[in-house]
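What TrEMBL says about this one:
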- 81-101: transmembrane segment (TRANSMEM)
- 107-128: transmembrane segment (TRANSMEM)
- 135-154: transmembrane segment (TRANSMEM)
- 160-182: transmembrane segment (TRANSMEM)
- 194-220: transmembrane segment (TRANSMEM)
- 240-258: transmembrane segment (TRANSMEM)
- 270-290: transmembrane segment (TRANSMEM)
- 320-343: transmembrane segment (TRANSMEM)
- 355-372: transmembrane segment (TRANSMEM)
- 392-413: transmembrane segment (TRANSMEM)
- 420-443: transmembrane segment (TRANSMEM)
- 449-480: transmembrane segment (TRANSMEM)
- 505-629: domain 'STAS' (DOMAIN)
- 637-656: region 'Disordered' (REGION)
- 639-650: compositional bias 'Low complexity' (COMPBIAS)
- 662-684: region 'Disordered' (REGION)
Amino acid sequence: MEITYATSSGLDMSAAAATAGRQVRVIPLQHPSTSSPSPAARPPPLLSSFRSKLKRMTATDWLELLVPCSRWIRSYRWRDYLQSDLMSGITVGVMLVPQAMSYAKLAGLHPIYGLYSGFVPVFVYAVFGSSRQLAIGPVALVSLLVSNVLGSIVDSSEELYTELAILLALMVGILECIMGLLRLGWLIRFISHSVISGFTTSSAIVIALSQAKYFLGYSVVRSSKIVPLVRSIISGASKFSWPPFVMGSIMLAILLIMKHLGKSSKNWRFLRAAGPLTAVVCGTAVVKIFHPSSISVVGDIPQGLPKFSVPREFGHLKSLIPTALLITGVAILESVGIAKALAAKNGYELDSNQELFGLGVANICGSFFSVYPTTGSFSRSAVNNESGAKTGLSGIITGIIMGCALMFMTPLFREIPQCTLAAIVISAVMGLVDYDEAMFLWRVDKKDFLLWTITSVTTLFLGIEVGVLVGVGFSLAFVIHESANPHVAILGRLPGTTIYRNVQQYPESYTYNGIVIVRIDAPIYFANISYIKDKLREYELDVSGDTKRGPEVERNYFIIIEMAPVTYIDSSAVQAFKDLYQECKSRDIQIVIANPNHDVLPTLARAGLVDLIGKEWYFVRVHDAVQVCLQHVQNLTESSSTPKSSSGDSVTPRRQSSFLQRLHRLQSGEDSPSTEPLLSHGEV
């Protein structure tokens, strides 16, 4: 019986397989044409694609692109949404007034700048932001960064300190707008969640310790490192004062109890948002009644809305660039993360790049009204969502509350105790201490736990800037290591099937003598091609194993490379494959390609690798490649054994030739030994 099998080149190899006793059916692989595509088939350039997209945009699309708030305004359901937006806006506004003053103190600024930062950016973001539940304004982490950096440049009591904080808001806004316009939001994906968790955990501890001075009654050194803070706290213990410590502890207990009750029951949800206001009212009442001299208060706060002014002190621009980059990264991580989670929870899509642009415009506009850097808040956004916010109107209501506070209520803020504002900051950052995440990472992935630990320790002992850089550096190092050392598996055939899987994952699978089947589970490029070549050489020499079948041979003749997971291959990898082919050829080993990706195959064809290896050695399925290679191993091993005379000499004058030479003769039909079927029909 003649055996025929179709290959990608369309060559008839029936002569090579005619003696095996059965047919091997192979699915033809469609090779791409290496000739230049016609103009009609050539894909449109990027500029043409952009132009066509612009032409398809309607007036409504333009309006939604330039003014994202038009999306929810056009579909606003007044009866369903208005009450929820009003309640959530008022709730967040009541929560933001004391928090804004607290975070401004943390940043080393006068409390009025916190109120300004909770007023102007809120309105701007409601127009240009894409999230409907995100509550923006001053936050603890950014405030600490501002304090840490500016404190090393100038004393917080000087006017220059405030001017630099406002200039920083302008720089952060410009960076965020640039990232949004250039659609660079994907860069944040390289910072792993374990880095973010470790960074925020240590930052929360540093923030809490930095507020200890308001509890203890004496000054503590300003630092983002835990050692100087602890040393300063211990060294000043002789100046300890009981009244602010008692009041601060009581206010902190009130805040934590109200937060816990607000989270534990829906009926008590309002307590979570009312906690800061309750602490402020109680603390102010105590000061009004008892007038304790040892408890410091906020003091006079200017009344009225912020005035327009252009940021100044551009001479310090260069020295603030690293800090602006750091604050931008932290702000994006904090804001876009919670915005995406809330968008998914409320059933609408969020454009990260539009979100960056909205945050940038809010900071740029805010900088002209004495605002320091702002971003989305975890706690206030959660309260906003839990209170039923449906659209950006809730943010506008919050802004109105802040405006009313600035215009009419600032005289009431004069007697707010400093320890009460510190308690508000500490209660807010306690939720950022994420030890549960560390325990989860320890159970799931020790590598991510190591990354969390490294980021946490470096942030605590070396400072926030160093902690971020080290965490991101290690995160990228892990990514590069994984990319440069991809998973390469030896495949075996599952019994009773034509499916080939990793032999380590499926021990019951079996391989064939003389054939190595390898799967590369990653794109192939200059950084990992050396590792892949080393792995292929290692597997090429591996002839051990008790689960091998087929003809008994002492070495491997074929390396079948399963390339379905390979989505990309670059020029360096192609050249390396050419070198590998020549190496294998010198050792009488044939490389076979199975199931190449539709993006990879044209690259191989253009590079000449298809013609070099031979179109007949490219297959659609691994099983097709295995069957053809098995036939050749059977035929070639039998053709290598020649009859002997009684004296032991060969009866033919032909000397022993190489494997590839015999393979070529078999393909040409010069050798045609008589053989039996290699596999039973049930195994095909």
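Placed from the backbone N, Cα and C atoms, the Cβ positions cover glycine too.
Because TrEMBL annotations are produced automatically, they should be read as predictions rather than curated entries.
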Exercise. Counting only residues 6+ away from its ends, which parts of the chain sit with a Cβ under 8 Å from the transmembrane segment (81-101)?
Worked result: 111, 114-115, 117-118, 135, 137-138, 270, 273-277, 279-280, 298, 380, 383-385, 387-391, 393-402, 405, 409, 413, 416, 420-421, 424, 428
Exercise. Counting only residues 6+ away from its ends, which parts of the chain sit with a Cβ under 8 Å from the transmembrane segment (449-480)?
Worked result: 144-145, 148-149, 190-192, 194-195, 197-199, 201-203, 205-206, 223-227, 322-323, 326, 329-330, 437-438, 441-442, 527
For this session: Might you confirm whether the transmembrane segment (194-220) is in contact with the transmembrane segment (355-372), defined here as three or more C-beta pairs under 8 A between residues 6 or more apart in sequence?
Result: no
Problem set entry | Maximum Cβ pairs under 8 Å to the transmembrane segment (420-443) - stretch from the list 107-128, 270-290, 320-343 | 270-290
Problem set entry | Tertiary contacts of the transmembrane segment (160-182) (same chain, 6+ residues out, Cβ under 8 Å) | 107-110, 113, 146, 150, 153-154, 311-314, 316-317, 320-321, 323-325, 327-328, 331-332, 353-367, 370-374
For this session: Could you tell me what the rest of the chain brings near the transmembrane segment (194-220), counting residues at least six beyond its ends with Cβ under 8 Å?
Result: 106, 140-141, 144, 147, 226, 229-230, 232-233, 236, 239-241, 243-245, 248-249, 294, 296, 333, 337, 418-419, 421-423, 425-426, 429-430, 432-435, 437-438, 441, 448-449, 451-457, 459-460, 464, 467-468, 471-472, 474-475
Exercise. Against which stretches of its own chain does the transmembrane segment (135-154) lie, if we need a Cβ under 8 Å and a gap of at least six residues from its ends?
Worked result: 92, 96, 99-100, 103-104, 106-109, 114, 117-118, 121-122, 125, 129, 160-161, 164-165, 168, 200, 203-204, 206-207, 210, 222-224, 316, 319-320, 323, 326-327, 330-331, 334-335, 359, 362, 372-378, 380-381, 383-384, 395, 398, 425, 428-429, 432, 463-465
For this session: Average the pLDDT scores across the domain 'STAS' (505-629) and report the rounded value.
Result: 87
